[in-house]
Amino acid sequence: MSGTRASNDRSSHPGGHKRPRYDVGNKVTVVLGAQWGDEGKGKVVDLLATDSDIICRCQGGNNAGHTVVVEGKEYDFHLFPSGIINPKAISFIGNGVVIHLPGLFEEADKNEKKGLKDWEKRLIISDRAHIVCDFHQAVDGLQEVQRQAQEGKNIGTTKKGIGPTYSSKASRTGLRICDLLSDFDEFSARFKNLAHQHQSMFSNLEVDIDGQLKKLKMYAEKIRPMVRDGVYFMYEALHGSPKKILVEGANAALLDIDFGTYPFVTSSNCTVGGVCTGLGIPPQNIGDVYGVVKTYSTRVGIGAFPTEQINEIGNLLQTRGHEWGVTTGRKRRCGWLDLVILRYAHMINGFTALALTKLDILDVLDEIKVGVAYRLNGKRIPYFPANQEILQKVEVEYEAMPGWKCDTTGARKWEDLPTRAQNYIRFVENHIGVPVKWVGVGKSRESMIELF
């Protein structure tokens with residue numbers, strides 16, 4: 001057939017009108033952890049949240065722990081977006097988040113005592129988010145005991161019911177917020193089935209079905225005014241008036257269910273893909289993606305950790321950095337910064353800039369090492385091994401740099417940092433090929449030095 005069919009003419013429309021150009025709309029700014037969590041994401045989010053209109057959580061549950069210091073007060077957030085502190089912004093819990101309702105209100109109470117006000121007027125919850133039941137939390141603990149007995153090791157779960165809830169979701173037996181708010185008899189029947197299903201797997205699991213349902217009915221009325229159709233809410237946010245929208249990632253790249261150090265991972269996607277699926281937004285609405293990385297590495301629980309320092313260096317980092325988990329209170333394992341991991345996290349997330357936190361913890365060191373490559377059987381490997389046994393065997397190639405041996409906690413701009421600290425930062429930038437936008441030298445908002 002010769003010629004071009006009119007229907008293929010991209011510029012015309014039936015009737016000869018021009019096709020409307022698709023407007024992408026507002027873009028979201030994303031903050032993600034680039035290691036095993038505890039990088040200081042809350043602090044970066046807090047900086048950006050001060051002039052954001054909407055702050056979103058897209059995955060995870062109250063297994064995350066974000067600490068934010070405002071006017072000398074320390075707030076701890078687990079389920080809430082840490083932007084809930086901003087009285088001018090809306091906080092949104094997306095469909096990818098799993099919600100333990102008692103945990104949500106407990107967290108609200110604790111932070112209200114510290115000065116958080118009117119949070120219920122600024123919180124919106126997606127109707128498609130899944131519910132963490134009390135028995136999911138009990139099962140989480142029982143599974144950990146079972147793993148310990150069978151394999152002699154455990155995953156190091158927070159016992160917040162996150163894994164079992166995502167399991168229910170994937171096996172299509174989960175309960176969502178929209179189910180809780182519609183026909184309660186239908187919800188109760190499904191709740192009972194789900195509880196019995198878990199009891200058939202764990203003979204010693206006790207579930208107070210009536211008691212839990214009574215509690216859930218009470219929470220249903222409390223959250224009803226906050227629940228919206230999340231897809232429409234996000235679409236309106238993206239395509240309405242210009243808005244600054246911030247997405248706060250929980251957990252981190254190396255804890256991602258697909259890309260993390262499996263099986264010692266969490267049960268959701270904590271990389272950039274989780275933003276689209278956890279909020280119901282298209283990829284073209286992703287704007288800047290900021291990776292948050294500590295100037296050294298930490299990990300909670302077991303699993304391979306190539307740059308771990310089980311020596312005085314590790315102890316010094318643990319003590320100086322106050323490395324205890326916000327959610328679990330467990331001591332964190334410590335080691336040198338691993339640029340193989342950071343490069344891998346960048347490959348998946350496409351970071352547009354980095355936030356380098358806790359630089360001040362390195363102030364006292366004579367020499368600072370950075371992992372730059374892995375060797376396996378004496379040969380350099382150009383990838384990050386997926387298999388845990390192989391990752392356990394890699395030897396790390398280090399680059400050593402002289403320490404700056406002076407206090408950086410008073411630095412407020414780039415010029416205030418000692419030359420050797422500047423060199424360390426530039427080394428990280430050049431190795432990864434991503435600029436460092438912030439450098440953290442202390443706990444407060446003011447101690448995040450903005451470089452551009």
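For all residues, glycine too, the Cβ spot is worked out from N, Cα and C.
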- Please state which member of THR266, THR271, THR319 Swiss-Prot lists alongside ASP38, GLU39, GLY40, LYS41, ASN63, ALA64, GLY65, HIS66, THR158, ARG172, ASN251, ARG330 for binding IMP. THR266
- LYS43 (GTP binding site) - helix vs strand vs coil (DSSP): helix
- Message: Return the residues near GLY329 (substrate binding site) by Cβ distance under 8 Å, restricted to its own chain and a separation of at least 6 in sequence.
- Response: none
- Within 10 angstroms of GLY40 (GTP binding site), Cα basis - recorded positions out of ASN63, HIS66, THR328, LYS331, ARG332: HIS66
- Cα-to-Cα gap, ARG332 (substrate binding site) vs GLY37 (GTP binding site), nearest whole Å: 11
- Message: Measuring Cα to Cα, how far is ASN63 (IMP binding site) from LYS43 (GTP binding site) in Å?
- Response: 18
- Message: Quick check for you: of the binding-site residues GLY37, ASP38, GLY65, THR328, LYS331, which have their Cα within 10 Å of the Cα of ASN251 (IMP binding site)?
- Response: GLY37, ASP38, GLY65
